[in-house]
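Asker: This structure is in C-alpha cells; I'll ask about it shortly.
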Amino acid sequence: MRLEGKVCLITGAASGIGKATTLLFMQEGATVIAGDISKENLDSLVKEAEGLPGKVDPYILNVTDRDQIKEVVEKVVQKYGRIDVLVNNAGITRDALLVRMKEEDWDAVINVNLKGVFNVTQMVVPYMIKQRNGSIVNVSSVVGIYGNPGQTNYAASKAGVIGMTKTWAKELAGRNIRVNAVAPGFIETPMTEKLPEKAREAALSRIPLGRFGKPEEVAQVILFLASDESSYVTGQVIGIDGGLVI
Ligand code: NAD
C-alpha cells in the first residue's frame, strides 16, 4: 500500500475530486483527515468509506476560517503526531462575464480557491518542517493556465495556486517538502453538472480523448504526487484533461 501509515489532510474532501481522493488514499492505507464545510456530505463520505483499509477522520473545516484551521490542525497533530500529506482541493466557482461579475463573486472565489490554499498550507507547513518531510498537492485547473471566458475570478485563483506551488517548491525543498499541482480539465463532479448542455457539448468537442474525466482519474495522479513514488518531483503542474490543452 502506497500510503500506509501516512496522515493526509484533504480539504473539500466530501464531494467530487476530494471524495475520490479520500477513498483512494484509504485504499492505499492512509489515515485521511477529511475537511469540508458540509456536515451532511462528510457523514455520507464516512458511510461510503466503511470497510476500506485506511481510516477517515472527518472535520468541519472551512478554508477561509483561519481560527478553525488552526484548531483542527493542532488537534490532528496532537492526535496523530504528524501530517505527511496535504491536498488543497477545496474550490468553488461563481461564473460571470467580466463586465457583469459582482465584486462579491470575485471576493468569494479568491477567498476560497486562493487564500484558502495559503491559509491551510501556512498552518500545516510548520509541522512538516519539524518532521523534515511532507508532500503538498494543490488542485489548480487548466483554466489557471489557459483562461476561460466567464471565469475571471476562477482563472485568477487557479493561476495564483500555480504561482504559490512553484514558490513553495523552491522555498521548502531544503526541508524535504515537495509541492506540486494538478490541473484537471473537465471532470464529472457536482461542480460541473450544473453547466448548461451547450457549454458541455462545446467542451467535449475540444477534448481529444472524446470524453470528460472522472474524479477517480484525478485522484490517481494526486496519489502519485502524494506518495513516495514521486520522491524526485517538485514544482510541477500535471494536466489531467484528456489532451484538452495539448
Ligand atoms: P465539488 O463541488 O464536487 O467539491 C468541492 C468541495 O469543496 C465540496 O465538498 C465543498 O463543500 C467543498 N468546499 C467548498 N467551499 C469550501 C470551503 N470554504 N472550505 C472547505 N471546503 C469547501 O467540486 P470538484 O469538481 O470536486 O472540485 C474540487 C477541486 O477541483 C476544486 O478546487 C476545483 O476548482 C478543482 N477542479 C475541478 C474541475 C472539474 O471539472 N470538476 C476542473 C479543474 C479543477
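Just so it is clear, glycine is given a Cβ too, placed from its N, Cα and C backbone atoms.
Quantities reported herein were computed from a predicted structural model and do not represent experimental measurements.
Feature table excerpt (TrEMBL):
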- 6-185: domain 'Ketoreductase' (DOMAIN)
- ASN62, VAL63, ASN89, TYR154, ALA155, ALA156, SER157, LYS158, ILE187: NADP(+) binding site (BINDING)
- TYR154: active site, proton acceptor (ACT_SITE)
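For each listed feature, how buried is it and what is near it?
Answerer: A coil conformation is recorded for ASN62 (NADP(+) binding site) in the three-state DSSP classification, outside any helix or strand. Around the Cβ of ASN62 (NADP(+) binding site), a 10 Å sphere holds 18 further Cβ atoms from the protein chains shown.
Of all the Cβ atoms in the protein chains shown, 25 others lie within 10 Å of the Cβ of TYR154 (active site, proton acceptor).
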Asker: Sorry to bug you, but what's the C-alpha spacing from TYR154 (active site, proton acceptor) to ASN62 (NADP(+) binding site), rounded to the closest Å?
Answerer: 18
Asker: Across the record's NADP(+)-binding residues ASN62, VAL63, ASN89, TYR154, ALA155, ALA156, SER157, LYS158, ILE187, the largest CA-CA distance in angstrom?
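Answerer: Taking every pair of listed residues, the largest Cα separation comes to 23 Å.
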Asker: What kind of secondary structure is ASN89 (NADP(+) binding site) part of, going by DSSP in three states?
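Answerer: The three-state answer is coil.
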Asker: State the three-class DSSP label for SER157 (NADP(+) binding site), counting H, G and I as helix, E and B as strand, and everything else as coil.
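Answerer: Reduced to three states, the DSSP call for SER157 (NADP(+) binding site) is helix.
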Asker: Just the recorded positions from TYR154, ALA155, SER157 whose C-beta lies under 6 Å from any atom of ligand 1, please, or none if there are none.
Answerer: none
Asker: Do me a favour and check the Cα-Cα span between ILE187 (NADP(+) binding site) and TYR154 (active site, proton acceptor); whole Å is fine.
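Answerer: About 16 Å separate the Cα atoms of these two residues.
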